[in-house]
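Trainee: Below you'll find the structure I mean.
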């Protein structure tokens, strides 16, 4: 049989064990709720216990020992919590610093971003459709800046260290023809040395052949993956667009950035919002439009006729360029005039300027309901024309010029591409400052029914794609072409901006061009960039370099520089892994293209999946927010009803009386209906009644 003191000790131990995991505040509350005297509670809170028994001292000492254990455990727990809090605070400070640095970096990039304010003005006045052209131009400018930096760092600067002095005289005509003084400069392929550059006996060697082919390959590979990444990104953001499902118009109407306080910025923001609202509403209205069967048949016949005419014009233009290119070499041999080399670029530029304008007139006949469809059709017609012409020129260069037996046929191709690029730029400037100005004068003063023209997005975008295609083809024969393209794009931006503000009106049909950038990059990737890769692949693997000029002189094919390098590495044990990668992966004809296609398709599908995940997540968040909104509105409604009942108790009494009257009325109606049913049943059972 246990004594009372022993039982009291057990109870106290259990009580203290239950108090150990508690905080100080909870412990005090638990002690207060104990059915003990104030003295015992004080002793418990102080770590002591007053007992009325004989074993008071022993119990008190035992209790003190237990409280020491409690304090020790509590100190350990507090120390652990402090360490955890320190780690959490450190992580929070790191995340805050990362967010601040990211925001500051984005602000710096936005502040130094080219033409940010100008693009906002264009988007506010002319909408996203016209803005997509200028965004595409800026995007191409970044491409050429990167290409020029890489070429200048790894090809041009090393060549400058061993270059001989140019003895030819500069006359100024070289700026238009690309011949003469420029022939013996770093501008063209033929000027570069084929030797290994080495300064001093102990200096590092620099193989110019490998540097040339690897630098061009690195530029094209970077462009390839950048195009692929940008195309997948824009496809995910625009075609699998989660913003379509998240109330875009609602956000435009009810959301305002209150940090915008400057008067001009506020007006520009209002103009941007109004333009976006008009674009969204016009799309919804155009999607709901329906045509009768006769109207659809008429339009289909019109579209077929327009395609037949445009295809015939394209074939005729390509035939003209083909026959002119076939006789161009003979023409240049019989004419010593320096301006004779401009005949082929002049004819090609005239075709590229006149035929797209002719295609643009088809809109008066076709009358597409959706402006986006009209732009897509014009883009397809123009890309067929321009890429066909570029294909014919590539055939002329690789078959006629490369096999003509000229001293340095690579430099001749580089000069042709430079003249084509320069002539196209001159024609584009002339069209911007003269042609578009004349169209404005005709529409405003001579034929007022025409009015101000609208900016032709398809024609201007295809000019950029055509010029960039020439740059990519010519970068192997003229490494400085990205520099000239940078200057031309920079000038073209301001020329098009001035012409846009002076000579054009906003689109008569507002439409949202969120998917245009994706289509532009798709056209730039295929057929433009893929055609460039095919052309350069034929050049490197199938054509023989010139014997007296360029870094690959004396080799049977350009690719033999890589073969020689791999053979050299195979004799060094430390580089055998590079040899294995090249022979089994890169150099394998069936494996490398197949694995590249698999990677591209996998990446595109991954982007599509990521876009759908974003859409699902936003839809889930929207459902949760709508549920929270409903609960909030229900709570507010209940509170309002309670406040009305408390404020007007008489209305509550009247409401109860109305409910009672309605119940009595329903009861009377039920009794009368029962009586009527009883009478009918009696009459049916007893007809005499």
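For all residues, glycine too, the Cβ spot is worked out from N, Cα and C.
What TrEMBL records for this protein is below:
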DOMAIN    408-514  domain 'TMC'
TRANSMEM  139-160  transmembrane segment
TRANSMEM  210-229  transmembrane segment
TRANSMEM  300-325  transmembrane segment
TRANSMEM  340-362  transmembrane segment
TRANSMEM  374-398  transmembrane segment
TRANSMEM  469-495  transmembrane segment
TRANSMEM  515-538  transmembrane segment
TRANSMEM  586-606  transmembrane segment
Trainee: Does the transmembrane segment (210-229) reach the transmembrane segment (515-538), going by 3 or more CB pairs under 8 Å (6 or more apart in sequence)?
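Mentor: Yes; at least 3 Cβ pairs under 8 Å.
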Trainee: Six or more residues out from either end of the transmembrane segment (300-325), which same-chain residues have a Cβ under 8 Å from its Cβ atoms?
Mentor: 343-344, 347-348, 351, 355, 358-359, 362, 365-366, 381, 384-385, 388-389, 392-393, 396, 400
Trainee: Give the one range among 139-160, 340-362, 374-398, 469-495 whose Cβ atoms make the most pairs under 8 Å with those of the transmembrane segment (515-538).
Mentor: 374-398
Trainee: When you scan the chain for residues with a C-beta under 8 Å from the transmembrane segment (340-362), skipping those not six or more beyond its ends, what do you find?
Mentor: 176-179, 306, 309-310, 313-314, 317, 320-321, 324-325, 328, 331-332, 378, 381-382, 385-386, 389, 393, 415-416, 419-420, 422-424, 426-428, 431, 456, 458-459, 462-463, 466
Trainee: I'm checking region-level scores; what's the whole-number mean pLDDT for the domain 'TMC' (408-514)?
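Mentor: Averaging the confidence scores along the domain 'TMC' (408-514) gives 87.
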Trainee: Taking helix as H, G and I and strand as E and B in DSSP, count the residues of the domain 'TMC' (408-514) in helix, strand and coil.
Mentor: 79 helix, 2 strand, 26 coil
